[in-house]
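Among the features that TrEMBL reports, transmembrane segment is placed at 36-55, 179-197, 203-225, 237-260, 266-284, 351-372, 384-405, 412-431, 437-460, 472-491, 497-518. For 105-525, the entry in TrEMBL reads domain 'Major facilitator superfamily (MFS) profile'.
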Amino acid sequence: MEDTRDEIKTAEIKRVDLDDVLVNELGQFGPFQLRYMVLVSIPLILSASMGEYIFSAAAIPHRCRVPECGEDSKLVRFDPDWLTNAMPERTSASTCGRYRPRDISVNGSLDYCPADLFDSSVTVECDSYVYARDNSVVYEFDLGCQEFMRVLAGTLNSVGTLLVLPITGYVSDRFGRRVALIISVFNLALIGFIRAFSVNYNMYLALQILQTTLGAGSFSAAYIFAAELVGPKWRVLASATAMSMFSTGQVILGAVAWVIQPWRYMIMAIHIPSFLIISYYWILSESIRWLLSKQRFEEARTALENIARVNKTHISEKSMQGLLMPPAVTAESAKESKDGLLKTIFKSKILLRRVCTTPVWWITTTFVYYGLSINSTSLSDTIYLNFILTVAIEIPGCFTGVFLLDRIGRKPTLSAGFFFSAACNIAFVFIPSDVSVARLVVYLAGKFGISLVLSSLYLYTSELYPTEFRHTLLAFSSMIGRIGSITAPLTPVLMDYWHGIPSMLFGGMSILSGLLILTQPETRGTKMPDTLADAEAIGRNTK
């Protein structure tokens, strides 16, 4: 009789969703979630350190060294009065040619070097260089007039970021969010610190791609933490906060590089604080959603009780049992589990369409985002201030999404962001260069629009995929999106053919992605899907 009673009680317990428990019992954003956001914000800020190559491999104005005028080092007066006697007048910050010296025994000095020493009718290439500054690998490793080698640092950074995302996604979904986060930040710090001791440029480049390949997943790992614990009402704010923390880290990066200009010391100062993240193994608990998806129910129970204790709330035993109840094993679910990710994608037309569509959004977003940053050198004369301005405008872009995503929806916000950025980029082409204020306003408005898209895209992509594959498919979309960041450094070269080509490309791709957004379902007000069936049900007219 007692066994029958227990069976009835068990039958009365229904499987419940974590979002329902957060809304009705544990709290959507209590002290526990606030503490989590503060802890996760630190690695989000530190993940911006992978962009330090912008300063350590920054372009430095350089010119030919003129030994006939007493120049015997790379760092002498950059613009002496006699310079036009020895080389053509410079039309840009750097030059790679000089007049051929005459075959005479008389030499000039650093103070006086007459034109008679040179044949101004013949120009020859530089065989050594003088630099305006010494705070870059360009000076350290004598990369004057090797622009391709210099920008290779940025290209390899993007390639490494492409390679890391599936690795981080696999580690996160297989071994846990906490393990993925700690390993990523530790690799970012360790390899970055070692790179400060590079003895040549080849070593610098090798460590650059190794660092990003093994450590650049720190942002996505931290972001997943922020997105998975809060309730539906606070998910948009958590996403915007995560993105703004990365932008804040970029502002800090620019400020540190401005204060500590020797590139080796700057790299060390940027990366040393990241070693503190090792302590997160003891102070940061694992994601509840991940524990539930892996059916690690004892750990999940302990974590849920801890949330209730910190938030001063209560979770009923019925809800606890409903959360910790293994999903019913049906023939269909067993087959999906056996099939694995690839077969599941190809057997689900809905999931396949999303997997084919979301990477296009990411390619466009990274292409426009990094392209606008790369083409922004005319904003000011100081590269540090220029960098800080272009990343600071992202912060209001991130929080604008907070006011729009839950009011008008994910699709209208993202589509409008793409279209707005497209309009600004296309308009920028036709604004005369002498109207500097208008050009600056329109340029920053375009960056604002794409920043709104970027901050919203992480959330929207996360909401389209089930928990079991969420980080893997988010990482896949972001990985393919790195095609945009890899090709973005090539856009300034296109200006040699027509000044408006980069901006027109930014505008055209934004229009395409703005239209593709409209092909996917709206996720506002929906639960974050835990299973494939939940993900496929998004957008259907079911209660």
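Cβ atoms are placed via backbone N, Cα and C, with glycine included.
Note on the domain 'Major facilitator superfamily (MFS) profile' (105-525): mean pLDDT across this stretch is 83. Long-range contacts of the transmembrane segment (384-405) within the same chain: residues 54-55, 236-237, 239-241, 243-244, 247-248, 250-251, 253-255, 257-258, 372-373, 376-377, 412-413, 416, 444, 447-452, 454-456, 459, 524, each at least 6 residues beyond the stretch ends and with a Cβ under 8 Å from a Cβ of the stretch. Of the candidate ranges 36-55, 266-284, 351-372, 437-460, 351-372 has the most C-beta pairs within less than 8 angstroms of the transmembrane segment (472-491).
Listed by sequence, the residues of this chain that lie at least six past the ends of the transmembrane segment (237-260) yet keep a Cβ under 8 A from its Cβ atoms are 29, 37, 40-41, 44-49, 51-52, 55, 219, 222-223, 226-227, 230, 266, 269-270, 384-385, 387-388, 391-392, 394-395, 398-399, 401-402, 451, 454-456, 458-459.
Across the candidate stretches 179-197, 203-225, 266-284, 437-460, 497-518, the maximum count of CB pairs under 8 A to the transmembrane segment (412-431) is reached by 497-518. When Cβ distances are compared across the two stretches, the transmembrane segment (266-284) makes no contact with the transmembrane segment (437-460), since fewer than 3 pairs at least 6 residues apart fall below 8 angstroms.
The listed stretches are 36-55, 179-197, 437-460, 497-518; of these, 497-518 has the most Cβ pairs under 8 Å to the transmembrane segment (351-372). Away from its own ends, the transmembrane segment (437-460) comes close to residues 223, 227, 235-236, 239-240, 242-244, 247, 361-362, 365, 368-369, 372-373, 376, 379, 389-390, 393-394, 396-398, 400-401, 404-405, 410, 413-414, 417-418, 420-421, 424-425, 427-428, 431, 474, 506, 510, 523 of its chain (Cβ-Cβ under 8 Å, at least six residues beyond either end).
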